[in-house]
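Trainee: Sharing a structure here in structure tokens format.
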Amino acid sequence: MRRIFVIAVPYLWLLALFLVPFLIVLKIALSDMALAIPPYAPTLDFQAGWAGIKAFVSELDFENFTFLASDDLYWKAYLSSLRIALVSTFLTLLIGYPMAYAMARSPEAWRPTLLMLVILPFWTSFLIRVYSWMGILSSEGYLNQFLLWIGLIDTPLAIINTNLAVYIGVVYTYLPFMILPVYATLEKLDGQLLEAAEDLGCSRLSAFWLVTFPLSRSGIIAGCFLVFIPTIGEFVIPSLLGGSDTLMIGKVLWEEFFSNRDWPVASAVAVILLLILIIPIVLFQRNEQKQRESEG
Amino acid sequence: MPQTVFAPWDDPKETPLIRFEGVTKRFGDFTAIDNVSVDIFAREFFALLGPSGCGKTTLMRMLGGFETPTEGKIWLGGQDIGRTPPNKRPVNMMFQSYALFPHLSVWENIAFGLRRERLDKDKIAARVEEMLRLTRLQRFAKRKPHQISGGQRQRVALARSLAKAPKLLLLDEPLGALDAKLRQDTQFELVDIQEKTGTTFVIVTHDQEEAMTVATRVAVMDEGRIVQISTPDKIYEEPQSVYVADFIGDVNIIEGTASATGPETYAITWGEGRPPLIAQSQRSFSEGQACSLAIRPEKVAIHAQEPEALNRVRGKILDIAYLGNLSTYHVELAGGQIVKAQEANTRRIARRSFTWEDEVWLSWSDTAGVLLAE
Ligand SMILES: Nc1ncnc2c1ncn2[C@@H]1O[C@H](COP(=O)(O)OP(=O)(O)O)[C@@H](O)[C@H]1O
Ligand SMILES: [Mg+2]
């Protein structure tokens, strides 16, 4: 009895919070747009009994998905999201790894404080932080004012409303997600391994590449997925910091849903996005599992 | 054919492989190594012995290049290596915790140092195979460190540090993590490998038995200083201080005052109304100088009747420690002092001649003990 309960809880959780909403979204994706409330047809009418359900199912089709395939806006948006996510993940790694490394190498007494500083931004609202970046990056923003003041530039740089601003926003927002897992693996690293590597003829640098880096691999992989997965569907950062030419699937989805009120197409976009994300999510889980086993 | 004894330290013409010259190491204002000078010769198996925290690891880390001496010089083969980084020394170290690379297989761990020398593949493979054979690890070449036992890991660490054929191999408590039986086997294995490869070994240990088993010479350390360097038998038979006598094996220390009774012979007064003890000593003592007589328990005989012996004392058996092959009798003398005597158990325990509370006599010869000044 208890065992059934223990197993049932996570499955019920999954069912209620993932599977049911997903099926609802999938159902909408298979429907047609309608000028009604809710703005799609058909709707399921349980009062009509079995015949009602049959009539409902017969009206569902894959029209919206064929539409997505025929309009190149969508697959361009998917590709562009993938590219932006990949590039930002790489940049986050490039910036986050040295930070995590420095933290792990700092005196033990400082580490809790440094860790605190990494987590500190989460204490303010994400939206407010993105808005502040608008204040920093806009043409009259602090950055441009500062650069003009020190005389480095004559005319303000156009950063806001470009992909560059999106990259800055994404890297800034997701940096802690990279630093934390990488730091966790680096902090566990036995310093004697590096001494052993040097003893066997490595320079400091080659000891890093041959020992430290491979041993922090699982942290790097975890960090990359934690940045990559949410960035693909990111909507707030591209709409606030990006320009009209910043194409991201999250933004497209939002516009289909709220501007066009085309719930079925928006749902179809969401279903495809989910299918794309399943691959990295599964890979991420496998990495975590392997990590646990090797420590096990 | 006369067998030549390996004793380069007695030969003034030999030049040492390693020479510590007044080496001091301080961490802040704490002195971990205090003005140490020592010569270690090629092909030696040199043991650093001392209680935990006396500076053994620090001394070894200076040889490996992980610490630099605060004062003094360290010479290796005629070169001052005090500030040479670890990767530029012909020295390899086997770490106390083994420090095997967890992401590499046994084979790759052993090949690690060879690959850094950019040897060609065949040479590396041949050398790794040789090391695997030497340490009997062929069957485990493909395993990762977490897939083998503690004893095997220890052998991988040894193979890895030997692979580059260093002039000097440093072993920091290499057998600390092994159980008693495996330890013993491995000690003999170490000696065997040391002889086969002709490498100079410096081993750190806090286990005096281990040091005695493997070493050509033993340096006993106390609080950052070396208090005695001798061959294992000399350390045991001729300790130069109470500290060394007490640290190496079991010993009875009897304190008293010395007075000469003949050439190299002293009478030791050790309490009111007792006949003085007689001991021979090459070390000379002035009249009435305080001294300690150190006698090993196995050199003390135990009797039921008063024996005909130069030194004899009477007491009561307080305790018997049964060690299987031996028994140690703790005998309390009239003044409350306890003297230990050890006897081989040649008879079954049921037929033992002495038991608790028995009145017994203890005796030893005038050459059984060592007379020490401090
Ligand atoms: N890096 C260091 N900083 C400060 N003190 C140290 C350091 N390394 C060792 N010590 C001190 O030096 C003393 C000797 O240490 P160690 O050589 O490790 O002893 P052993 O190996 O004989 O147990 C100890 O008291 C230890 O606390
Ligand atoms: Mg130590």
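Using N, Cα and C of the backbone, Cβ positions are placed for all residues, glycine too.
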Trainee: Can you dig out which of the ranges A:82-102, A:166-186 TrEMBL describes as transmembrane segment?
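Mentor: Matching range for transmembrane segment: A:82-102.
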Trainee: Sort out the residues at least 6 away from either end of the transmembrane segment (A:82-102), same chain, that have Cβ-Cβ distances under 8 Å to it, and list them.
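Mentor: Counting only partners 6 or more residues beyond its ends, the transmembrane segment (A:82-102) has Cβ contacts under 8 Å with 118, 163, 166-167, 170-171, 174-175, 177-180, 182-183, 186, 212, 216, 219-220, 223-224, 227-228, 231-232, 234, 238, 248, 276.
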Trainee: Under 8 Å between C-beta atoms and at least six residues away from its ends: which parts of the chain pack against the transmembrane segment (A:114-136)?
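Mentor: Beyond its ends, the transmembrane segment (A:114-136) has Cβ neighbours at 99, 103, 106, 142-143, 160, 165, 168-169, 172-173, 175-176, 179-180, 183, 236-237, 240-241.
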